[in-house]
Amino acid sequence: MSSEESYRAILRYLTNEREPYAPGTEGNVKRKIRKAAACYVVRGGTLYYQRRQRHRKTFAELEVVLQPERRQGLIEAAHLGPGGTHHTRHQTWHDLSKTYWWRGILKQVKDYIKQCSKCQEKLDRSRPISDASEMLEELGLDLDSGEESNESEDDLSNFTSPPSTASKSSKKKPVSKHELVFVDTKGVVKRSSPKHCQAVLKQLNEQRLSNQFCDVTLLIEGEEYKAHKSVLSANSEYFRDLFIEKGAVSSHEAVVDLSGFCKASFLPLLEFAYTSVLSFDFCSMADVAVLARHLFMSEVLEICESVHKLMEEKQLTVYKKGEVQTVASTQDLAAHNGTTTPPGTRNEATTTLSGELGHCEIVLLVNGELPEAEQNGEPEQQPAPQASPEAEASVSPVEGIPEPHPEMGTASLAKESNQPESAVTREDGIVASVHPKISKENVTNASQEDSDTGNDTSPEDIGAKDCPDHSQSPGQPSKDEDTLTEATEKTDSGPDDDTYRSRLRQRSVNEGGYIRLHKGMEKKLQKRKAISKSAVQQVAQKLVQRGKKMKQPKRDAKESTEETAHKCGECGMVFPRRYAFIMHTLKHERARDYKCPLCKKQFQYSASLRAHLIRHTRKEAPTSSSSNSTSTEASGGSSEKGRTKREFICSICGRTLPKLYSLRIHMLKHTGVKPHACQVCGKTFIYKHGLKLHQSLHQSQKQFQCELCVKSFVTKRSLQEHMSIHTGESKYFCSICGKSFHRGSGLSKHLKKHQPKPEVRGYHCTQCEKSFFEARDLRQHMNKHLGVKPFQCQFCDKCYSWKKDWYSHVKSHSVTEPYRCNICGKEFYEKALFRRHVKKATHGKKGRAKQNLERVCDQCGRKFTQLREYRRHMNNHEGVKPFECLTCGVAWADARSLKRHVRTHTGERPYVCPVCSEAYIDARTLRKHMTKFHRDYVPCKIMLEKDTLQFHNQGTQVEHAVSILTADMQEQESSGPQELETVVVTGETMEVLEAVAATEECPSVSTLSDQSIMQVVNYVLAQQQGQKLSEVAEAIQTVEVEVAHMPEAE
């Protein structure tokens, strides 16, 4: 029965109750149909397959497709992606199996991709190269450089690969390139100039440097920098919104005070805006990324991320050539921090990056000059330094710099100032390993010995000595190793010498140091240096280890002779089992078809030959084998071999890390890149663990529930911290004062109190008298003076300058009922603020004296429980009214009263009764209405979803750091320093000011009632409608209005 017939039988069984089976169906087939129908369901006449989802109780229903033509069309639609791209086999099957299902779906996807010509052409291009000549051509090696002149033609013929691989390579077809020029039918040719963009940027940059046509001045750290507003707004959304909000779009010149910004991080961004080249010190990459994120410069952030990806994917090596020192001591590493060396050259890397479309080059500058071999276009091969016999410490060798990323810009590594270096914790990134077993302390310079030994030994001889012949069996030592170990066989001939010698060879001393930023590269480097083993050898080795574990103690001589019966005749290895011995013999029988044309080594696989040829491309030859023999002799005298401790030092901050992976994670702090991003909200994180914790917050289900109370939590750690409240046991203790905390966040906040704060606040605001400890606090404070509000509520579109104010406001939308203090009546929308209020600021807890929270007015005797209400009331007595109406000039003591007053001009009534739909001007009037007529529907809190009237907390007249200059005002500015202020004056305002000036001459001043206030409003509205001033001038008694505050929300 085919798949279509079986699906039709299941469909008939589920839909036809009278005759569920076809006539003539056997009993065994009926049982199979009933069993299979348990996984299917029919909805709307269509058969669906129910598949169980992992970690979920529901089933995923997939439509079963019965028609072959429809199946072919669905596979084709899933294989083609957006833009005409072709998906892989796994992607096609994964997208298709989300909605549809039928038996053999994966096989049909495989067959379709095999018939796709574009996918097969892509597969041919990605086919690995197995021919040695093609590998040499790809790596840029010359065949004549490694061959001897007296070799015969028969030997040269052996270097080529088998004829089967040659025939496959001959079938490869070159991909032709087509250039298309689109020409309209009317004869209009559209072409673009690739040099136009750079030419325009060059002219703009020259105009900026020569102060031509500049219309904005940037004040940063007391210095002025000229620029163009159009260029700044095109590169940064921050400046664009600033110019639009301050009305500096159409004005001639504007001055922007950038207090809190640093020149070291801002000037590279300014240069990038005019040259599209980002040049900065690698140490300040984090500051540049943070400032670019603040200014909303997405291109700079992409460049910083691409730099980090280049270091991760391409394994970029920061190469620094200098003096290499070896240290041997019995003491700890901390004892050598004080030991210094003669002053040398300190290497500081400066990275220069161009745009993403620019050509990528990595230029290696050694002491300001290029190596001779690189200038000639050939890889440099330097002789290996020869370590002294007394020196036991070693430095990891420098790996060859890989090919740069094709999408990155120009990167150059340069050297700068001269500073002394430390013996162990050096700032240039060189990692030294110290043997603690040796009693003497030796400090040597490998660069001096390099000049002595480099002239005697050629790179080819060193490469031939260091690389043993792989044609021999792994059990037998090579010829080169025999010649090297003849002097040491008499003193110590144990099998442990070879392993210890290989460890010393892996940690051989080379000139230079490196920082490899890739996960797990240290282990891969050790595996690559070891002898490559095939799959058969690895299986045989596992069998040998298993046999040694299960090997029983010797009982008699007969059993021991039987165990040693399986012995290899070629390499001498002994196997306890016959199967392991047979698998081992297959290794010797298999032919080595791949031969290196440079050193005559033979390999069993093409991948092994490729890895071997890469070693020839290294610029520095490996350490000579003579250093290994001397180190073996020195170690042979001691009975115990000390273990080498390796540490990795950050060249930027000098921090010492135990693992290479820890250094890679540590470098994320210096680069400022957060590689892990949330797909829901877009928030980025440095660590993957932080992203997982953040993603759990988006999940609506709280899996972990407390057994003692009703609360549930998203993470297990939150549940454990909550359980500590019930049990009273806490695992977070302060090491300084011994205080315990239930949560780790509380401990981290507590530890900041023990940190000494600087005595002087180094960052001062130029607009007010406030000062701050950090620059980021000053930048955020400047948002209030500049009027920038980057934090916007997604519910009511209300904007804030401070993030904490925005967060508190967003919480008010999600909380149905606020947290209210039972004593003072203060309300909080955040539980943390409410708990802090109850714990610290109120009501005599923890031995405090009970505070009198009621504040009494000295003039009228009125009592207040909230401080802001008391201050507002005192402003009314003292006559401080910072909130002034721009329409009629009436001033108020608080913003709420001004909003209520402005709504009398506009006629807006935003507070609508949800029962009878009557609108009111404020929340107090609406609450009175609902209390009188709809007593059962009185809410706890009345808030507006979107408040159209937003005033500053300190008044409507606020000083701004952006000053608008006109052509007439520039002459006045040159005469002397004056404060500039912009005032918008209309015809209606002038008439109101004249009326106010006329009434101020009256000696008697009295307080207006609500009826008098409405007369003032009617006067302003009458002026707007064109009535005369004399009709209502008599109704005006005074303009000084004093109204008690009536809060909108209770």
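Each Cβ is built from the backbone N, Cα and C atoms, and glycine gets one as well.
Here Swiss-Prot flags 143-173 (among others) as region 'Disordered'.
Among the features that Swiss-Prot reports, compositional bias 'Acidic residues' is placed at 143-156.
Here Swiss-Prot flags 157-168 (among others) as compositional bias 'Low complexity'.
Per Swiss-Prot, domain 'BTB' is recorded for 214-282.
Here Swiss-Prot flags 373-514 (among others) as region 'Disordered'.
Feature annotation from Swiss-Prot assigns compositional bias 'Low complexity' to 378-399 (among others).
If you look up Swiss-Prot, you'll see 478-501 (among others) marked as compositional bias 'Basic and acidic residues'.
The region 'Disordered' annotation in Swiss-Prot covers 543-563 (among others).
Per Swiss-Prot, compositional bias 'Basic and acidic residues' is recorded for 553-563 (among others).
The DSSP breakdown of the zinc finger (566-588) into helical (H, G, I), extended (E, B) and coil residues amounts to 11 helix, 4 strand, 8 coil. The zinc finger annotation in Swiss-Prot covers 566-588 (among others).
Marked as zinc finger by Swiss-Prot: 594-616 (among others).
As annotated by Swiss-Prot, region 'Disordered' applies to 617-641 (among others).
Residues or ranges marked as compositional bias 'Low complexity' by Swiss-Prot: 623-638 (among others).
Summarising the annotation, Swiss-Prot assigns zinc finger to 648-670 (among others) and lists sequence analysis as the type of evidence.
Remote same-chain partners of the zinc finger (676-698), defined as residues 6 or more beyond its termini with a Cβ less than 8 Å from a stretch Cβ, comprise 665, 668-669, 714-715. Residues or ranges marked as zinc finger by Swiss-Prot on the basis of sequence analysis: 676-698 (among others).
Per Swiss-Prot, the feature zinc finger maps to 704-726 (among others). Only residues 6 or more beyond the boundaries of the zinc finger (704-726), in the same chain, are considered here, and those with a CB under 8 A from a CB of the stretch are 693, 696-697, 742-744.
Break the zinc finger (594-616) down by DSSP state and the numbers are 11 helix, 4 strand, 8 coil. For the zinc finger (732-754), DSSP puts the residue distribution at 11 helix, 4 strand, 8 coil. Note on the zinc finger (676-698): mean pLDDT across this stretch is 81.
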